[in-house]
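Lifted from TrEMBL, the feature list:
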type    : residues                   : note
BINDING : CYS37, ASP39, HIS90, CYS93 : Zn(2+) binding site
Amino acid sequence: MSVLPEVIAANAEYAASFGDRSELALPPARGFAVLTCMDARLDPAKYAGLSEGDAHVIRNAGGRASDDAIRSLVISYKLLGTKEWFVIHHSDCGMEFFTDEVIRGLLANSLETAALGDQGFYDVGTGPGAREGDYIDWLTISDQATSVTEDVRRIRNHPLVPARIPIYGYIYDVKSGLLLEVPTATEVGRAA
Ligand SMILES: [Zn+2]
């Protein structure tokens, strides 16, 4: 069973009470952007108190400062005027449970979904797989505070990012819903 009918029905309900959201401006009203993980347990609108039109939310696996995340951040300030940025990783992130070697090996074996056990991900599917995963940097994580600090540093040092934008580094705790500051990241991300 596909989720498609449920999603279309939920959207019809949402649009039925759309109201003055049709008048929202394109630039984010509260002038900030959040880079965070795609993890389904994280809802940035809820954990950071956002309404439609408030802020940019850029999501990928891990909330990592990939070239494409930086592309979005640059558009966010250069064309749409954001002035403060957050990098928010989280506890129990799936990106901690594998390495480049592991996902490359899994994909080379099989394109079917792997299983996660005590020893990490393992294949339960059948082949053929493909070796194209060898060419992707999967940006896995071994320590959250380190990954947040590395990503804030990469954004801070990027030649297209102005020194006046403060970049805050936080870890979202999936057990409490709290945002925990990563002081080393905030230090690195301080505006000049
Ligand atoms: Zn995650």
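From the backbone N, Cα and C atoms, a Cβ is placed for every residue, glycine too.
In TrEMBL, annotation is done automatically, which means it is predicted and not curated.
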Residues near the Zn(2+) site, CYS37, ASP39, HIS90, CYS93 excluded, by Cβ within 8 Å of the Cβ center?
THR36, MET38, ARG41, LEU42, GLY62, GLY63, HIS89, SER91, ASP92, GLY94, MET95, TYR172, VAL174
What same-chain residues, at least 6 away in sequence, bring their CB to under 8 Å of the CB of CYS37 (Zn(2+) binding site)?
ARG59, ASN60, ALA61, GLY62, GLY63, ILE88, HIS89, HIS90, CYS93, MET95
Taking the Cβ of CYS93 (Zn(2+) binding site) as the centre, count every other Cβ atom within 10 Å, in any protein chain shown.
21
ASP39 (Zn(2+) binding site) has how many other Cβ neighbours within 10 Å of its own Cβ?
19
